[in-house]
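Asker: Input: one structure, supplied below.
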Amino acid sequence: MSTNPKPAYRRVLLKLSGEALQGSEGFGIDPAVLDRMAQEIKELVELGVQVGLVIGGGNLFRGAGLAKAGMNRVVGDHMGMLATVMNGLAMRDALHRAYVNARLMSAISLQGICDSYVWAEAISQLRAGKVVIFSAGTGNPFFTTDSAACLRGIEIEADVVLKATKVDGVFTDDPVKNPDAVLCHELSYDEVLEKELKVMDLAAFTLARDHDLPIRVFNMNKPGALRRVIMGEPEGTLIHHVSK
């Protein structure tokens, strides 16, 4: 256990991509990855941190390709929303198997499968120490799950949005294509926009900026990274308002 008993954050919104759940698989959900993530989230709960969770659906369905082939975008986005519900069901089950209380809420009504999203109920569940998984995005087409993460983060008054990725944070360039790309440890919202750094889509990012919601980008595949972020240790990239 860490010698520092106090986490840096009281309530967080953790955003996981659907691709993160597929691990080395090309599609679907890798059970080992799912269970590891559930254990890491359990650590946060044991530290007394309130955790809201948004998971993408890209491991199960991507509407963009089908939209190019002629599918109606609204239909494709509705299918994507259902993919996030499937991931949410898998994560809720993994958390329950790890003896973590979790509730799955959906922005669209799916009676008998999960609860409908109600703001006051979500707050109540978080205060009770339960992990609340927000699924089905915002419930509207044309909005990404990053937008959903920022929206729910603002609604639940999270201290930060933790965006889990496959890289160590935000780089000056694509680290896969450019080996000279440098990791940025701290950025202002304006710097991200001016330098056109890839953090999340513009609608999601400006929503966070306009409501002064900090974003920390980190590598979820790095063992212990999530805990280090929560304990306030230098990990990944912090994006926030930087006073001049």
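Please read every residue number as a count from 1 along the shown chain.
Placement of Cβ uses the backbone N, Cα and C atoms for every residue, glycine included.
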Asker: Given that Swiss-Prot annotates D77, T138, G139, N140, P141, F142, F143, T144, T145 as UMP-binding, name the residue from G57, G65, G88, G169 that shares the site.
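Answerer: Only hit among G57, G65, G88, G169 in Swiss-Prot's UMP site, alongside D77, T138, G139, N140, P141, F142, F143, T144, T145: G57.
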Asker: For the record in Swiss-Prot, which of the ranges 23-28, 233-238 is the region 'Involved in allosteric activation by GTP' one?
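Answerer: Feature region 'Involved in allosteric activation by GTP' in Swiss-Prot: residues 23-28.
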Asker: Mind checking how the region 'Involved in allosteric activation by GTP' (23-28) divides into helix, strand and coil residues in DSSP?
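Answerer: Going by DSSP assignments, the region 'Involved in allosteric activation by GTP' (23-28) contains 0 helix, 0 strand, 6 coil.
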Asker: For K15 (ATP binding site) and F142 (UMP binding site), what Cα-Cα distance in Å is obtained after rounding to a whole number?
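Answerer: Between the alpha carbons of K15 (ATP binding site) and F142 (UMP binding site) there are 18 Å.
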Asker: For the UMP site given as G57, D77, T138, G139, N140, P141, F142, F143, T144, T145, which other residues of the same chain have their Cβ within 8 Å of the site's Cβ centre?
Answerer: G80, M81, G137, S147, A148
